[in-house]
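Novice: Before we start, here is the structure in question, set down as structure tokens.
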Ligand code: UDP
Ligand code: MG
């Protein structure tokens, strides 16, 4: 994936061979002003609660001074690591590489723009470790974003809840989330799928998914990196995920079904044409041309569509058979 499996120095050799409680993964694109403040805030919370931790800053091809700021933080603080993409790939690839690096028992993601509060970390950690959640998603119940964003978001979340079957989540795309380490090591966030990480987790078998109302702030510096096309792309991604989770390993089941329905309708239309002809013959009515019958066009269209669906099914099966992860299964335990 992207050829970016970069292994960095392990934070203080995993806090002197002990365990590491928390990894905070922060994807960022041009957020130079927020970083020092965010780092100081996380550090304060971690020290107050005596967590062993690391912060992984994922610089997603920033063109401002973000990387200089990260270099500076790494020099000053041994708990900080930085990864720099050569160009801007997007939030999902940044999370993917951050997850690959994460060593903490609990992995927390948060946006770099100070909209998410590090004060939520201790409770998120407790929910994962003590209440046994696989994933806890933040819920920005009171949002400080423009109406043009909050309104479509409500619709978006309602659809995502319905399609994913995760009925207790109100805010799929909240940047602030906590995961058991096993979750981030077993899901593949790609494209723009960061909006649906809970759905990806559920598909991988991590279904203890919870929610915590979190404090949200308006953006202090810079501007949002996503426009309104996020909603349109979001819906397309949701449909893809739904398809993959239901038929990803057996595309013929859906295309074959649609093809069969089409052929059935076509078959009925052919019978209607035959009945029409027989009726005309028996009652000595002048025969009309076959192309004058609407059934002819119904039969033609549905048969053609039916063959196309079957073809799509065969191709889909052929592709999924060749796919390198056709036999990827989540094994939870072996005894
Ligand atoms: N981000 C990123 N790569 C991108 C776009 C955004 O890493 O291509 C980061 C961004 O810097 C921020 C987080 O993703 O830390 C969320 O972005 P933003 O705050 O712009 O989204 P919004 O709050 O508007 O949903
Ligand atoms: Mg933001």
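These residue numbers are counts, starting from 1, taken along the chain as shown.
Even glycines carry a Cβ here, placed using N, Cα and C.
Summarising the annotation, TrEMBL assigns domain 'Glycosyltransferase 2-like' to 23-186. For 228-248, 254-275, 295-315, the entry in TrEMBL reads transmembrane segment.
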Novice: Could you give the residue numbers and ranges of same-chain residues that sit at least 6 residues beyond the transmembrane segment (254-275) on either side and whose C-beta is under 8 angstroms from one of its C-beta atoms?
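Specialist: Non-local partners: 243, 246-247, 290, 293, 295-296, 298-300, 302-303, 305-310, 312-313, 316.
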Novice: For the transmembrane segment (228-248), could you work out the same-chain residues 6 or more beyond its ends whose Cβ comes under 8 Å from its Cβ atoms?
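Specialist: For the transmembrane segment (228-248), the nonlocal Cβ contacts are 148, 152, 156, 159-160, 163-164, 173, 191-193, 195-196, 199-200, 203, 254, 320.
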Novice: Could you pull out which residues elsewhere in the chain have a CB under 8 Å from any CB of the transmembrane segment (295-315), counting only those six or more residues past its ends?
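Specialist: 251-252, 254-256, 258-263, 265-266, 269-270, 272-273, 276.
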